[in-house]
Amino acid sequence: MSSSKLLPGTYTATSVTAFLLQPGQVKTIRACPSTWINESVLSLEPGTVMEADVHNKSVPLENGSLAPIDRLRRERSDSPTPGLVEGTEPGAGQDSAMFVHAQSFEDLTADAEQGQEEEEEEEVREEEGGGDSERTPEIGEPKNEGGGSEETQGPCSKEEEEEEEEGGEAGKPIYSRYGTEEALSSTMGVMMALVSFVEAEKNIIRSIHAEGYKVVFLRKSPLVLVGVSRTRQSERELTRELLYIYYQIISLLTLTQLNHIFQHKQNYDLRRLLAGSEHLTDNLLRLLDQDPGLLLSAVTCLPLPSSSRDVISSSLQAARAKSLVFSILLAGSRLVTLVRKKDQFLHHMDLHLLFNLVGSSSAFREGEGWTPICLPKFNTAGFFHAHISYLEPASELCLILVSTDREDFFNLSDCKRRFLERLRRRSAYQALHEALQAPSYPVSQVGIPDLRHFVYKSKSSGLYTSPEIPVPYQSEEEQERLMGLYQYLHSRMHHPIRPLRSIYRCAEKENLLAWVTSGFELYLCFSPLGTKALAVSAINKLLKWIRKEEDRLFILSPQTY
Amino acid sequence: MAEKKVGSRREFLGKASALRVKMVILGSSGVGKSSLALRFSKDEFKNSSPTVGCAYLTQVVCLHDVTLRFEIWDTAGQEKYHSVTPLYYRGAHAALVVYDISKRESFVRAQLWLRELEKHYIPGETVVGLVGNKTDLPNIRQVSLQEGQSLAESKGLVFMETSAKSGEQTSELLLNIAHRVNQRTMDKDRDLTEWREAECVELYQGNRPHPLTACCPIGP
């Protein structure tokens, strides 16, 4: 591949390059600015683009998983054991789940692979990376799907560089994380040639492994996304990241509109429609490197006494409007509460897209935002309309009201006013402000000496908790390195052929332990001086602590309208 | 007759009340619409990321006989949102079409926006202003003052060059628009009823960041 420009060396340790291509030949466009404005900027009739409303009944909901899934509810145990049944683990909601029940990584990637399953997988393995530490352990690894556990000793080779590219159907670049699309157009051409060459044989190219690089392809017609990476992330992890980027684009345009555009104009330059939204994609890619929530398909909450949280939820619940489907109160990137319409579930991926939208735009601080947004896991065909505003100008508290009616701005604005009025009269508002002073907790609260950091996810509630990043990982590089380690553990635990229940790994600078049961996922990072026995005994202690604190750390009683 | 109505209505409303004025800001990406809106409402300047969808801000303008509460719809310039912008200029009392004096393309687009607006507003009812923004960048100016002026004159628009960054001419612009909107409502019988319909005084009294009683010309 003539991809010398792409190859790392110049990139930082966990950089991800992303490209996005679309059909049509690579060519330079925009010959005459005034004419292209004329033909398409203003000639878009109102409604052609954003007319599709979510309440359009004729539109079938994309995923059939909107209904809650009944699950076992047993008595909650005070000293939970790793054998806990799902729904009784610490952090499991008492009533119904808030999110669409997407508890596993497989749920996320399942639809990426729909339609590909019948096709034969084409994997081009040119050469396994020299000294690839990822492949060696497989030899001695138990093959059972159940209680397999693995121990790897020895220095964990330093995180390698990672990049990602994303590309599409016939080669017109849409987005690239590094470099300009134009500069990479020849690389994009190579990508497209590969994709179409393989497809000519009725196969689908999924990945290329060469010289320590993984090149992962995600084909979501009419787009092709390509990721190039040199980190430990597995192919599936990279695919998941690409899928996020894809959904990010869908959330701005809807799939219906995207298809419509390319049906009518094969070589349409999608960058025109995505102009001004690059920062959203950039920020999303950053989150993918840093936020365990996107890795675990889960959301974290602002620690808050449950009594205060309940008051806030009921205040939010009281300020309802007919068109309101979801009300979400955020503190930074943490969930304070979420109220949903009965029988409507929000997928955590959609929630992450909303978080990303709010987190990457400063504009909502100045006034009330009102924007069409597609929540692709809910329905790829239509737009919701989101009222986004901060409770107070300098506050971290951001309220997102998701409505189905694009003319309902003033109603929702009034909902916000009523919510705020009600909340201000209650002491919970004070408690909320106090909680904002300490949005996280130090790991020392848990009282396990060698424990540096952990991530615990309750599968049934789709919520996770994690202490603040401790001292050795506070720099951005170190934080991403820690995330990289978790990513590695995660990909081992969720390996498509040989999933693991637990893994203990002594790395150069830390010891790692991961434990997955039907109820939870737990990833721990210990100081390198700890032992395996201590690490294993820490699990029970930690679970007890989480059980004790679950009222504060999780949302146990979600509200509906 | 009409004048009488206006007078009595306004007396009735008293000083503490305000009439709602819907104003929409249009123009291509990056010309400074959000910065202008922020100047209008808070008299601040911040570097902002591209607007997502639309932002809603308010500002109260007191003229000598009436208080106007400007409800400013700051639209996104990006193409993907253009299909929803008619939502915002529909029924607007005022529309500002903004271009960047340092980018000719934005001036070309402003003309397209004007053409688009003409399809939707009834002449004489909506006050349309043409705004050349970023006068703080005189060195890279691509659109001359005269060009803007003559375009505005040919269409009978309010014209002004501003700098949202330095605040130059922004309050003058809002005041100018306010006077014209006020004039129109005085003149037009038809407008008056629409105004009444749109009034929603009780809703906003007492619980807004800008107290309606604080009668300052412009800015906080």
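Cβ from N, Cα, C; glycine included.
Annotated features in TrEMBL:
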- A:60-94: region 'Disordered' (REGION)
- A:110-131: compositional bias 'Acidic residues' (COMPBIAS)
- A:110-176: region 'Disordered' (REGION)
- A:132-144: compositional bias 'Basic and acidic residues' (COMPBIAS)
- A:159-168: compositional bias 'Acidic residues' (COMPBIAS)
- A:169-284: domain 'FUZ/MON1/HPS1 first Longin' (DOMAIN)
- A:322-420: domain 'FUZ/MON1/HPS1 second Longin' (DOMAIN)
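Across the domain 'FUZ/MON1/HPS1 first Longin' (A:169-284), DSSP helix (H, G, I), strand (E, B) and coil residues number 56 helix, 28 strand, 32 coil. Confidence for the domain 'FUZ/MON1/HPS1 first Longin' (A:169-284), expressed as mean pLDDT, is 84.
Broken down by DSSP into helix, strand and coil, the domain 'FUZ/MON1/HPS1 second Longin' (A:322-420) contains 27 helix, 37 strand, 35 coil.
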